[in-house]
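Heads up: the structure comes next, in structure tokens.
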């Protein structure tokens, strides 16, 4: 039973609607438009919203959308056939009204399609019932049943019996024949057994057999034995001399004074902080303002200039024929026209580090978007597909909900509570380093930061955050802020409960008047159930304002697996009715990938969450905001 079937234009005008139940179809259809159609995620023709499954079909020639909704617990095999039949009949019946391409004509048009739809629905339901259910294959119909029982029993011992028979036959032939022909047909094993077993009817002793075999071996491999083997080692033991230990310039000495790297501290502040190069730690650039990510390089500009020079020297006639080659000529695009271009685009995306499944879905979405669309006279298939793919990629990278941390922090200040951010991710992606960069960015904007060291598992995690806190304090000393401590570390050592430490840190920040609490968690693999349960507990108990997943730009297919399993684990292990999932992404090590920026597409596509920050270096100023057009330009670059 169908819940609804609706037909509307891409401009938003509902042309016709069928309601199978009393519930309104507005919510599910709006969710489909918001999450799939506007976000260019049309690779799959089905969409799940709460308890409903929605299937849709796009008519790009007439700019129409056909949507059917039914309960997701039902398995309706006739839905695809019904959508195709309704699409075909509705388009043919109201072709004149639709081709006028004006909103007024569509509003004034009367689309009396109820009887036709009920007839098509009845036919589709009957056709699904006519199909005979698949019956199980009986034993009598199988190949095994056709074989007799006797042949099946003999197959197990057949080979050894045949071998024994063959050996017996060969033995009788050898014994019964005295001619040279029989001797030449004897196997090498039989020859050796005859030669070593007896000589002139006299049995040889064991020592003579060994000597005879040794002579035969020397005759057969005599040439190889003449050369001395290089691998032969002398049996004489080497003299064991004591080797003097090498003393390296920068280490290798067991002297306590040399190995002691600890520095004396006065009032909790290291004396080495005064001698550190502050500019080297800080980096260059405005720390309080996030610059847009720039993916272009000077080599690309030079290559682009060089590529334009030979085109000017081409002949006018050759350029004209090259321009006219492959033009579509005002016809509607079909799958066959786009197939070769889409295959090249898919391989190009995979080469740029986009996950393989995501690349396939993107190309499928572009195909659904362009199928049946009428092209201009001077438009090639390649340029049209490439432009549609670029628009889809830009739309994917532009988030549904923009994360503005500064605005949210100021809103939390008005409510007199700290703004809490939790960082999570797998091991070694740079959570602590990028937490320090975000701390510096917040300090530059005038917000005080409390860093909660909730990584109680990794050795050196607390010391790493303590070092960052000391350097950030050197960059923003209390003297420059009226004696107010701008950054502080909250830690309880190792082996403690991370959720409890985060709760204490939030309470401490509320009492001390800190604006932001940044919670650093331990790195964990997405398959580690105990650690994922602990992370879900930390997020559920403390309810942070923002949960950021930290992922590196070097990964390909692994990015999809990490994000899907992190979200699934947070949902499964959460005790809340509406579990808290990942809110945004921090993409690290972006300066190491050149133009292979596909991880940004994979992460955003799979989660529909924005990339809030991009790490591009090792200093505190190496933090950028994502520029969608620059990333897409780098992605589409040949």
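Cβ from N, Cα, C; glycine included.
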Report task. Examine the ranges 77-104, 217-244, 245-272, 329-356 and name the one recorded by TrEMBL as region 'Disordered'. Result -> 217-244
Report task. Scan 281-317, 392-428 against TrEMBL and say which stretch is down as region 'Disordered'. Result -> 281-317
Query raised in the report: By DSSP, what is the split of the compositional bias 'Basic and acidic residues' (137-146) into helix, strand and coil residues?
Result: 7 helix, 0 strand, 3 coil
Query raised in the report: Under DSSP, the domain 'SRP54-type proteins GTP-binding' (610-623) has how many residues in helix, strand and coil?
Result: 0 helix, 6 strand, 8 coil
Requested in this report: Average the per-residue pLDDT over the domain 'SRP54-type proteins GTP-binding' (610-623) and send me the rounded value.
Outcome: 90
